[in-house]
C-alpha cells in the first residue's frame, strides 16, 4: 500500500469534492507518510485554500486505496476524446474531460462504446451535408467523435457482418435525444456510400422516395407527440423505435415505427410554463379561415386544454409555419389532404371537449345548448343528448339489473377527460400504423437487415413522481441491465480474443430491482390486480406493496417512506425515487365507460370509427382463462400490462441486434447555451450508466495500447540498442523490454496478441517515468550545452587576449615604420624640389626663344599670303564676269525657242482638246468602243475555254467513234459476207426477190453511214489542229487587247462615267458567262444521263424545327435539274493540270519532300504526287466536280459511316507534346472537313441531310467522349471540345457568308432556324463534354489531393509520422501519392489544353475549378482530422501549397492561388504561438479569412508535441467565446466541390476567326471523303 501513497509526491494534482463545482483540483504540497498518512493540498483556483487528507495505512489497505484523493490526469490527456484512454479513469477525471471539451465547443466524447453528447442549446455547424460526407466511409476514431461516426459504425457493421443493428439514444428530457435521432436518420438517408457494391449513388444529393418519407416522419411525430416542458422546448412525450430497413445492396427500402407510453395526461393538463402537444397550437395558428369557421376554432387561449399553463408560444418558433411543415410531411408519407382534414377535425373536437362546462354542487349538470358540447358532438358525429347523458351519469351492471346513477362534477370531468385522452391516444396509434403501412417494404423478402434507432426517455426523478415516471424508470432499468451485460460481454470477449489471463469481473446487476417490478407478484402485477377490483383504490395498492415487499429479500430495493402512507420508494440503479401512488389506478386502467365506447363506435363520422377499430385490433382483449378469477369478466389489458409486453418485445429486439449507445446529457437546467453545471452533469453520468461502464473497465484492464503505439510512446525508457532502426528491432520484443524494465509487478499488465492491457493508473506511472527520462535527458543536454558554452567563452577570451597583443605590437611597429617613412619622404621631397626648380628655369628660357621664332615666321607668312590673295581675287572676278555674259546669251536664245514651241503646241493642243471633248460627249461612241473591247476579251476567253473543253470532248468522241467505226467495220464485214451469201442465194431459185432487195438496201445504208463517220472524224481532226493554231493566235491577240483596254481605262477621268462603265462591264461578263456555257449543253446532258436515278423518298431529318418549304428541292430534283447556267468556276480546264508533275524527276523530288516531312500530308499534295489519285483509293466517280459531289452526298449512309467511324471513332489524335506543338490544321482537320461538307450541302440546298449529318456527328462525339474515364479522358475530351468549338465557329462564318445567297433564293428564314438549332445543340454539346471531362478529372484528382497535399512530406527536417519517428520505417507499408504526381497531372491537363488550342478563358476556368477543389478538399480534411494538426505538418502542407502556387504563377494563372487561401491561413494558424491571449488576437488578425468556428476547431484539434506546453483552458475558452451563435456566415466546413455537379455553367467562348482548310491526313483510308474533298477544292479555290 505504500506504493499507492508514494504516488502523491510534491506537485501531484488530485481532486476534492465541492458543493458547487462537484470536484475541484488541488496540488500536493506535503506528504507525510509513516503509520499514518497525511497529505496536504493547495487549491489550484484559490491559493489561500488547502485540503488535508488523513488516514492510516491499515484503512487504506482495507479499502484498497479507494479513499485516497482521486488523481488528476496529465494536461495532455485531459483533452482526450475517449474517456477510456485517461490514465486515471475516475469520476472527477471523466467530468473534467467532458467539461474541458464542452468549453471548447466540442459536444461529443467517447466513453468506450458509448458516445456522450452534451446539449449545446445552440445551433452548431456539425450536421451539414459536407460533414455527412466527411464521416461517410471513415472508421470510428479516424475523425472527431460524432453521432455520424456511430451511425457510420452501425452501417458498416450491418454490411460487414450482415446483422441487425440498434442505436440507443437515451437521456433525460432536454438532453437532445430527439435531435440526435433525427440527425442519425438523416445521415442514413443522405450519406453517399461509394464503397458498397450495388449501392445507388447519390449524384446530386437527392434522396429516394422512401428516404424522404422516413425523414418526413420526424415533423409528424414531433407535432403529435412532442410538447414544450420546463426542461425542453421540444420534449418527446413518448418513446419510439424506428427500424430503417435495407436490402441486400444496403439501400433503404422501408421503415417501421414502434411507440411506447404516450403521455396521455398532457392532453388535459399542463404544468406552468409548459404546453400541450404542438399540433394543437399549429392547428389554431395555421388553419385557413374557411376551415377555421367550419371547425369553430380561434386562438389557443380560447381553449381550456391549451391555456392552463399560461404559455402558448415558443421563442423562435412560428406555429403557422410549422403547421405547413406538418401538412407537407403528412402528404409525403401518403396521407391525402382530405384525410388530413379529417384528422384535424378530430383534434378540433378534442379542443371543444375541453371547453364543455360541467356545473352543479351535488350532481353534475350539463346544459344541452352548451356551444362546446354541440360543436364537439357535431365534429365527432355523435348524438348530443346521448353524449351529454353519459357525461353526467354512469351505469352499474349487476347480475339482475342495470343501475344508472348521477355523477358529481369532479367525476363527470374525469369521464370527459378520459374520453378525450382515449380518442387522442387511438388517433396517435392510428397515425403510427398508417405511417408504418406507407413506409414498410411491400415485399418483406427484400428486407435483408435493419438499423433501429431507439429514442427513449431517460431516467427521471422529480419532486413528485407518478405512474409515468414509474414506467419510464422501469424501462431504463431494463435498458441499463442490457447495457451492463453488453459492456461486460464486450470486455470479456476482448480478453478472450487477446488470449490474456483474466478472472470474472463483477458488476452491479439490477435484476432484483427488475424482478421487484415485473415479477409475477411484482409491483405491476399487484397494480393490475388492484385495478380489476371494483372497490380498488390507490391506498389499497400501496398497502399491498407494503405487505408483499416488507421482507429482507427486497429491503435493498424497496423502501417505505417515513412520513407517508401513500408513497413507496424504489432504489434504482441511478437513484432512489419516491413515487406517489395517487392516480396510479386510474392511469393504469386508462378506461372509458362502456356507454361512451358504444357511443363512439356508433359514430356517424366514419373516420373516427376507423381509428377506433384499428386501435382495437392492435390491442386485442386477452381471452379469459377457465378459472374463477377470470371467468367473471373479460377486461381489456391495462396500460401497465401493455407497456410491459412492448418493453419485453423491445428488449428481445435489442438483444438480437448489435447495439450502439448514445447518451445525451443536459448541461444546465435553464437551457443557457454553452453553460455547464457540474453536479447536474455528474448525476446524469451516473444515471445513464457511463460511470458504471468505467467502473467495469477499471475492474479489469481499462487501458489498452497496441504494440506500435506503446513502443512509439515509451521507447525512450530503454537504451537505444533496443530501438535503433539500423538493427531492425522487433516491436513486440521492444515492448517486452520496456515492460520488464518499468513495471516489476506482472499483475499490473497483460500482453495480448495485438495489444497490451494495463491496470488503472499504470499509464500515468509510465508517463511519469517517461517525463523523468526526458527530464534526465534534458538535464544531460543542459550540462553538455553549458560546458560547451563556457568552453567556447574561454576560448573566445583567450583568442581575444592574443588578438589584443597582436594589435599592440602592430601599433608599435607601425609607429617606428612611420618615422622611417617620414625621413625617407623628406629626402625624396628635397630631391624632387631641386629638380623642379632647375627644370622650370630651363623651360622658361626655352619658351622665350620659341616665342621669338614664331613671331618672325608669322610676319613673313602673312606678307606672302596677302599678295597671293590679291592675285586670286582678280582671277575670280574675271571668271565670274565672263560666265555671266555667256549665260545671259544662252538664256535669251532658250526663251525665244520655248516661246515659239509653246505657241505651236498650244494651238495643236486646243484643237486636240476640242476633239476630245466632242468625243467624250459622245457616250454611245465610248460605249461602243468599250463594248467592242470587252466583246473581244469575252470572245477570246470564251474561245479559249470552249476550245479546251471541245478538244477534250472531241478526243472522247474520236475515241468513241473509232471504237464505233471498228464495230461498224466488223459489222460491215459481216454484212458484206452476208450480202455475198445472200447474192449467192438470190441466184438460187428458192430465194425471194424482195428479201434480197431489202438486204441490199441495208448494206448500202451501212456503207454510207460508215463513210460519213469517217469523213466526220477526219474533219474534226483537222478542225482540232486549226483550233490549236487559232488558240495560240487568239491568246496573243487577247493579250494585246487587254493592254489596250488598260490604256483606254487609264484615260478615263470622270469617276461617274468610270463607275457606269464598270457596271456595264459586269453585265457584259454575266452575258459572257451565259454564252460560255452554251456549248456545254450537250455534254452536260450526256453526263446527267449517266447519274443514278433513284429517288430518296424517306425523310430522316431529326431537326426539331418546322418542316421545310418546297423552295428547297430534294436531292433527286437537284441532280435531275442540274442547271448548266450555274456560276462558272474561276479556274479553267488547263489549270487543273498545273500542279501535276511534268516528269518522273518531279515525282522523285516530291517523294523526297514527302519523306522529309514527319507529319501527315495534305490531300492536295498527296493527290498530286500520285498523279491526281490518293494512295489506296479505289473509289472512283467520273464526271465534273459538281456531279461528283452530288453523287457522294446522295450516298448518305456510306458518307455517314466514313465520317462517324473513320473521322471520329477511329481518328488518330495528335498527342500533346511539350517540345513540338501540332499545327492548327493537324488539330482541327475533323472540324474543317465536316464544316466544309456541311457548307457544300447548304450551297446545294441539302438542308435536311445536313441536319441529320450534324446531329449524328454531335451524338457520336458525345458518346466518344463519355466512353473514356479517369486520366484517359484528358486528351480526347480536350481534342473534341476544341474541335466542336472550331466547328461552331465555321458554322457561324458560313451563316454570314451564305446570308446573301439564301436571301436571293428566298430560303433565309428556314436556313436561319436551322442554323440557330445547330448552334444551340453545339453549345449544349460543348457544355456536356466540358462537364463529363471535369467529372472524370475531378474523380482522378480527388484521389490525389489528400495524399499529395495533406499527407505527403517532402520537406526534409520536418518529417513526422503517425507511427513515430523511430518506428516509421518498420510500420509504414504503403507509398503515398507525391506532390510531383499531382503537379504532373496538372501539367498533363494544361499541356493537352494548350496543344489543342483551347481558349485561355476555358483553361483558366478549368484550372481554377480544380484548384478550388484542391483547396477546399484539403482544408476540410485537415479540419476534421484528429491528432493531425501539428506545426510540423503545417510546415509540410505549407511547402506543398507553395509548390502549387509556384505552378500557378508559372502557367499564368495567379488568381488560382486565391483558392488555396483557406488552407494557407490554416497552416499559418498551426505554426503560430498559442500561449497568451495576445497570441490568439494575432491569430485572428492574420487568419482573417477563417471563421471563428474553424479557428476554434483547429486549435482544439491541435496536436501538442512533447516539447510544447499544453494550451491553457482559459486560452481555449477565449477562442470558444469568439464563436457567435446564430451567425450564418460562421461555418465549419467549406462547401465542397461536387464531382458530379453540373450547375457550374461552362462559359462558352466567342467563335474563332478561323479559315476553312482543305486538309485530310494521308493515313486516312476514306475514299469517299478524299474524293469529295478533291471535288470541293476547285469550288473552294
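Numbering starts at 1 and runs along the chain as displayed.
Including glycine, each Cβ sits where the backbone N, Cα and C put it.
What TrEMBL says about a protein is an automatic prediction, not a curated fact.
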- Which listed span TrEMBL calls region 'Actin-binding', if the choices are 647-669, 670-692, 693-715: 647-669
- Message: Name them in sequence order: residues not among 171, 172, 173, 174, 175, 176, 177, 178 whose Cβ is within 8 Å of the mean position of the Cβ atoms defining the ATP site.
- Response: 119, 231, 232, 235, 236, 458, 664, 666
- Note on the structure: In chain order, residues whose C-beta lies under 8 angstroms from the C-beta of residue 177 (ATP binding site), counting only those at least six residues away in the same chain, are 169, 170, 171, 236, 455, 456, 457, 458, 664
- Task: For each of the binding-site residues (173, 178), count the other CB atoms lying within 10 A of its CB, then report the residue with the highest count.
- Result: 178
- Note down the number of other Cβ atoms within 10 Å of the Cβ of residue 174 (ATP binding site), including every protein chain shown. 23
- Task: Taking the Cβ of residue 175 (ATP binding site) as the centre, count every other Cβ atom within 10 Å, in any protein chain shown.
- Result: 26
- The predicted model's mean pLDDT over the domain 'Dilute' (1251-1525) is 86
- Query: Which residues does residue 172 (ATP binding site) neighbour through Cβ under 8 Å, counting only same-chain ones at least six apart?
  - Reply: 231, 457, 458, 459, 460, 664, 666, 684, 687
- Task: Note down the number of other Cβ atoms within 10 Å of the Cβ of residue 171 (ATP binding site), including every protein chain shown.
- Result: 27
